[in-house]
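According to Swiss-Prot, the features are:
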SIGNAL    1-20  signal peptide
BINDING   67, 69, 85, 147  Cu cation binding site
DISULFID  74-167  disulfide bond
BINDING   85, 93, 102, 105  Zn(2+) binding site
């Protein structure tokens, strides 16, 4: 039993060491009507930024594009104020594009039959460390955006993902 407790304690120590407790952020997501529909917690890890997303009021049973956009501004109803995908290295769009991806490109998310999503996504291309080229805390900020359709992971500039239906400024 002592051996098991020691292994468990050591495992927990390793897991907690992979997260930087000082580097966290959050975003409150709104829909095109300006209503709060969810939240995201962002945590710096040794492998990138872990994004824990919890939202409701999205299209049911849908595959939706989920990106980080280059401006920390979410003006409904179009959210065009968030500008394009966060792309500090000037790459092409898409996780499947040999000349990509943008730092803000992430896997699609999936909603349940009620339009809810609860997911954790690790983005290895970004950081919460201020002053870094790929920092989400750059001048002008950044935002999380959910689109009305799936990202095809290759079409430039945005993966044919459809309209922007939710947005949250990363703080």
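Here the Cβ of each residue, glycine as well, is placed from N, Cα and C on the backbone.
Where Swiss-Prot records a feature, it is marked here on the structure.
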residue	record	DSSP (3 states)
67	Cu cation binding site	strand
74	disulfide bond	coil
85	Cu cation binding site	strand
93	Zn(2+) binding site	coil
102	Zn(2+) binding site	coil
147	Cu cation binding site	strand
167	disulfide bond	strand
Next on the checklist: Rounded to a whole angstrom, what is the C-alpha distance between residue 147 (Cu cation binding site) and residue 167 (disulfide bond)?
Outcome noted: 9
Checklist entry - Out of the recorded positions listed (74, 93, 105, 167), which are within 10 Å of residue 85 (Cu cation binding site), Cα to Cα? => result 93, 105
Checklist outcome for this item: CA pair residue 93 (Zn(2+) binding site) / residue 67 (Cu cation binding site), Å rounded to integer, equals 11
Checklist entry - With every protein chain in view, how many other Cβ atoms are within 10 Å of the Cβ of residue 74 (disulfide bond)? => result 22
Checklist entry - What count of other C-beta atoms do you get within 10 angstroms of the C-beta of residue 105 (Zn(2+) binding site), across all chains shown? => result 27
Item to check | residue 102 (Zn(2+) binding site) and residue 67 (Cu cation binding site), distance between Cα atoms, whole Å | outcome: 9
Item to check | Spatial neighbours of residue 105 (Zn(2+) binding site) among the recorded positions 69, 74, 167 [C-alpha, 10 Å] | outcome: 69
